[in-house]
Amino acid sequence: MERFHWLQHRCRQLLAGNSGQGWYSVPDGLSNKSSLDNHNSQHRFRGKRRMVLACHGPHQQEFQAVSKNYKGNAIRTTKYNLLTFIPMNLFQQFHRAANLYFLFLALLNWVPVVEAFQKEITMIPLLVVLTVIAVKDALEDYRRYLFDKKVNNSVVRVFCGTQKTYIDQCWMDVRVGDFVRLSCNEIIPADMLLLYSSDPRGVCYIETANLDGETNLKQREVVSGLPFQGVEFTPESFHSRIECENPKNDLSRFRGYIEHSSGVRVGLHSSNLLLRSCTIRNTETVIGIVVYAGHETKAMMNNSGPRYKRSKLEKRLNTDVLWCVFLLLIMCLSAAIGHGLWLKNHSDPVFQVDGEMSPALAGFYVFWTMIIVLQVLIPISLYVSIEIVKLGQIYFIHNDLALYNEQLDSRIQCRALNITEDLGQIQYLFSDKTGTLTENKMVFRRCSIFGVEYPHEENARRLEVYEADSNEAAGCSVTLKSGCSGKSLSCRSLSCNRSSVSLHTLTAEPAEEEDQLSTHVQPRSSAFCSRMTKEVVPDPQLVRKFNLLCSPVVHLTECCSENPSSLELTYITDFFLALAICNSVVVSSPSRPPHEVPEIQTPLKSLEEIKLMFQRFSFSPFSALSSHSIPPPIKGSPHSCASRLFTRGKTGSLTFSTPPNDTTDRSDIGQESKLETTNHKGELDSSAVREREDAVQMEDWETDDNFRDAKTNPDMAVQAVENLNREIASDGDTHHELLYEAESPDEAALVHAAQAYRCTLRGRSADSLLVDLPGLGSLAVPLLHILPFDSNRKRMSVVVRHPLTGQVVVYTKGADSVIMDLAETPKGEEQALDMYSHIREQTQKHLDTYAREGLRTLCIAKKGLDEKEYDVWLKGQLLAESSIENREELLLESAERLETNLTLLGATGIVDRLQEEVPETIETLQRAGIKVWVLTGDKQETAINIAYACKLLHASDQLLTANCGSKDACAALLEELKLEVQCGEGSLTDLTARVESSLVSVTGFILVIDGQTLNWALQEELKSNFLELTCRCKAVICCRSTPLQKSQVVQLIRDQLGVMTLAVGDGANDVSMIQVADVGIGISGQEGMQAVMSSDFAISRFKHLSKLLLVHGHWCYSRLANMILYFIYKNVMYVNLLFWYQFFCGFSGSVMTNSWVLIFFNLLFTSIPPLIYGILDQDIPADTLMELPELYQAAHTSKVYVPNMFWITVVDAFYQSLVCFFVPYFAFAGSDVGELSFGSPINASALLIILLHQVIESKTLTWIHVLVLLLSGGFYFGFVLLFSVICVTCSPPTNPLGVETLQMCQPLFYIVCALTIVTALLPRLLFRALHNTLYSSAVWKSAQMDKMDSEEYCRKMQCCTLSRSRGNRVPVCADNAGLEPSMAEVVS
């Protein structure tokens, strides 16, 4: 707390003279313009703020005036209530064109001159549609009502001003300005400003799984400047005013300030805000004041509901519906003209609407009558049928066991319900790398410190053994089982007084769906803690150097060239200290929650021993220099005996950035650097050696013999590692197992790596860190600032006060491309410059090696600050933190001012292995005709290595690299690459093509482009050239790309080429790409759920893409396309029967069937079979689609649903309607049969033709198909027979009594029906047989022949090479590097 009060005191000292208004002064060195802008922004921002006051206190009158416009905390996600349901539901339903169309026809039928049927009958279709949709909406709204009621009636403890205590109150009664008291595991009821935490350091931990799906803990801090920490918070003593921005939906942003009663204003930010629907974890008690309530909370403002996208098939359908409208108008116009001519040419016509009406007016009325009669030509009910079919398809996708991940207990999530058919039309796939193609389970592999590479070979062998064990256990290529300890759950439920069920207020889902979500994320509750991540095997060479810190003496006379210099030891210590503290990891253990930082134990050695340990580095130049750098420490203190080593680290590596006029310091630096360089090369001064030899005589350590033997015997080095592991294990037994809650797998891997070298992060609080250092025990590291990682800076920094030297130090880790630029060469003597250049050069070589091996690289750096530098920077930082306007920009500028002139400490290589079956999946997708692009932020070498590993890039492919320094160079390079590709496209020989065909790989060009070049290539002038080049490439790899560039690339390909695109990713940086693509797929991996929540489909593994696209995508597209064509055929065919009858009734709008049968024909008799057809039909079995991915490409190159097929379907429907009408007509010609008797065989034949037409078109017939077809036919005949028996006056003016029973008793009825059915369906049957013979089987045979040719060719090649090998053996892979491994096996 001492450091916290010191920082608080410093903050108050830095307040400006403008403190009357509560704003900080402008730091020295900043322009006055920024101050003026800031002042103006206050007035400019005044209208966008809200004032929050305590509802109980001296400001009650002002509170009443201010808060009357604020919303309450009750939420309401329902659309209706009992009074408004009917009018509002009808109003919403009549926004749909289909319902308006039905309503128009119903009202039109009420006009006497155009009436076609009974008025009541025409209302039936509209009433059925409205009723069904209303019932569905009512059920959905009732579920929302129950959920809202459950949430609003949840209980929370709120402070009551009259009773002066906290009382139980419903969430709905909470309002802005209330004080809310929460306990562990309780859900936060509203957005609250954190005022008190039971943690003495003023922090609490929350879990945001209900907001973003992330289960790792987030830390929140109490507002600074409050006097309540350490004592019980009393709301009566809170007299501060809060002014913050109006409600916004940005979860990561909160701006405002709090004005204390003393007049001091303190800035507020997102770390002070507790968001609604988050859960309090690992904190006994928190108290906050509500600032946003109800629908103004960030969680509710992000409740945007389900995603909606229009599929390509739906857009095509809209065009065909317009064609149907055109046909309807043509038919109605023909009837109107025909009726007018009929009346004109007949003096006393039989069919006449009104005898006194002119032929033109009569034709006009007949036009509208025919609109009513032929209304079903417009397939409005098709839209409802499509929605039902898609729900059925999604049900089967959701329950596919092949898409279920047993390890995570998660299945595929279909979040967009209306684009399932687009899965079968994908042409371009854009994939992220980390977490999508790879596991995103980072494991520390190797590192480089002080320019020295430590390969960690034992660690590599451990990973290989672990991988082999995983393969044997799981039966797949790579399967990583989480080794997360179950103890992480126990540490989340420490002594808590109450708990609450999870209230998923973001999506307002029911409890059942919420339980599914909770079961999905539960296994990930302890993030990034697999056994493989934690069990890092130290490198023996690094262990030997590191243990020199534990031993006060070393025999430098033996093999002195192998001993590290003091500067190198400083680098090593700082490197691992940075790994341990430069993060946001939350530390806990089963017996201790995260906020309880254990007390500092007694150091492992006495103060004298620590002093002796550092005396072996006491060279006189450093001792002299230390007096210039920091104040003289107290003699005998740990600060004194440790400062020499770490002061040397400061001067030798950091003080080169001092101003040029400081000549004295610079000369000292040169002397020290010269000595350190010499020592680094093994040329030690003899006096220094004598000092070491004298020190040897002071005390004899048992470990000296061990290390002396380790230097000469490799086995002893391994033994040293084992000893270290035993010590770590014993430490673990003493301190219990530490559980790390990291925000990213990189952080967890680095912290575990530091722990392997006994640099253990044991505790974290708001203002300090507790770290175990080897030989020193537990040390408290004062934490001054955390500069979190962001995508702009690509790095993270912590500002601490060094526990041994007291110096302010900045530790930074980040992308190597950024850190290497910031690590400038310091000024000093030539030998010092040579040493630093050597370190930087060697580190860069190691980074390149790591990238070629596919490792993720990070650089570690540090910077020392004197008090004056820190004070100047602190002013700007406090100004940025307290600002409301442009706070993020000011914080970014402040961080960039600090992170300059860094000293490079080293680099890390972290392995992130491929997911299982990724190479097979990519190969399958490419065979399916899908172009795969990889868009990643990693280095170029890493991306290329991963591309080779996942078989996106083969040895026979030609790699095109685009790295440019200017826009003109980019333009010239694109032209050059285009020419190269054009020349190389036709250079393949037949033999090469045959070989590659047999090996299922296609030689092509692979473009690799970096982020800077991509930025120029996406500009308007170069866009066309870039597009033309990429179209000729087999695949494209975009490296160092930003999230914006990812979305721009996807949008460019989608819009310019007009192709169907799919984007897949797992992190927040993939969200924009996922949303821009036609189909977005999120992977529920290690980086939270942002990608999943923004996606259309969510899967757990990349390998699931193959079945999702090749099987379910193919089926969904084929089913829907065929169902739409069938629906159009059915409607056109039946409507034309009515149209042909108009030629024999004077175009009067009469029909040859009773109106009940006419209405129910499409509504009931033929409505179910198309739904079953669209849900269950399978044109090709799943196994065949997976074995022959070429069938996927064939499906969308010869698309089922195209304009040609639409018109072929319409023509076929016209033909069948002609046969169905005129065969009975000629059969009954000359007889006295009535119109209903004439219509009876027509309706029966039409029904059977439509049902049997579906049987012909169906590729699969199951018992469900047969049952539905039989029920549809039986329902029709049962209805008409019953109708003809009991109905006497139910269809005036006609009388259907006995008509159907009489017709079905006559043999002529069945003869006519049979002849009609055979004649109508024979052309369709022949067409389908011819089509399957010439087209579908050609694709099938081609794929089968290719497979047979490949096997036969491989067999012949093996025989040929075996016969040749007897006389002349062919060397493989040594001189034939271009051969693929599979080809090498064939040749050998």
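Any Cβ shown, glycine's included, is placed from N, Cα and C.
Since we're looking at a predicted model, the values are computed, not measured.
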From 117-135, 1105-1123, 1238-1256, the residue range that TrEMBL assigns the feature transmembrane segment: 1238-1256
Integer mean pLDDT for the domain 'P-type ATPase N-terminal' (62-122): 82
Helix, strand and coil residues within the domain 'P-type ATPase N-terminal' (62-122) as assigned by DSSP: 34 helix, 0 strand, 27 coil
Contacting positions for the transmembrane segment (1263-1288) when only residues 6+ beyond its ends and CB under 8 Å are counted: 1154, 1156-1157, 1160, 1164-1166, 1168-1169, 1172-1173, 1176, 1240, 1243-1244, 1247-1248, 1251, 1254-1255, 1295-1301, 1304
For ATP, whose listed binding residues are ASP432, LYS433, THR434, GLU747, PHE789, LYS813, ARG856, THR936, GLY937, ASP938, ARG1040, LYS1046, ASN1069, ASP1070, the greatest C-alpha pairwise distance in Å: 25
Cβ pairs under 8 Å between the transmembrane segment (1205-1226) and the transmembrane segment (1156-1176), at least three: no
For the transmembrane segment (1156-1176), sequence-distant contacts whose Cβ falls under 8 Å of one of its Cβ atoms, 6 or more beyond its ends: 117, 121-122, 124-125, 128, 376, 381, 385-386, 388-389, 392-393, 396, 1119-1120, 1122-1123, 1126-1127, 1130-1131, 1134, 1138, 1243, 1246-1247, 1250-1251, 1254, 1257-1258, 1260, 1262, 1264-1265, 1268-1269, 1271-1272, 1275-1276, 1279-1280, 1283, 1290-1291
Among THR434, ASN1069 [binding-site residues], residue with fewest other Cβ within 10 Å: ASN1069
Within-chain partners of the transmembrane segment (362-384) [C-beta distance under 8 Å, separation at least 6 from its ends]: 97-98, 101-102, 105, 108-109, 111, 113-117, 122, 129, 317, 321, 324-325, 327-328, 331-333, 335-337, 339-340, 343, 352-354, 1124, 1127-1128, 1131-1132, 1134-1135, 1138-1139, 1142, 1147-1149, 1151, 1162-1163, 1167
Cα distance (Å, whole number) from ASP432 (active site, 4-aspartylphosphate intermediate) to ARG1040 (ATP binding site): 12
Neighbour tally for PHE789 (ATP binding site), based on other Cβ positions within 10 Å of its Cβ: 20
Length of the line joining the Cα atoms of GLY937 (ATP binding site) and ASP432 (active site, 4-aspartylphosphate intermediate), in Å: 9
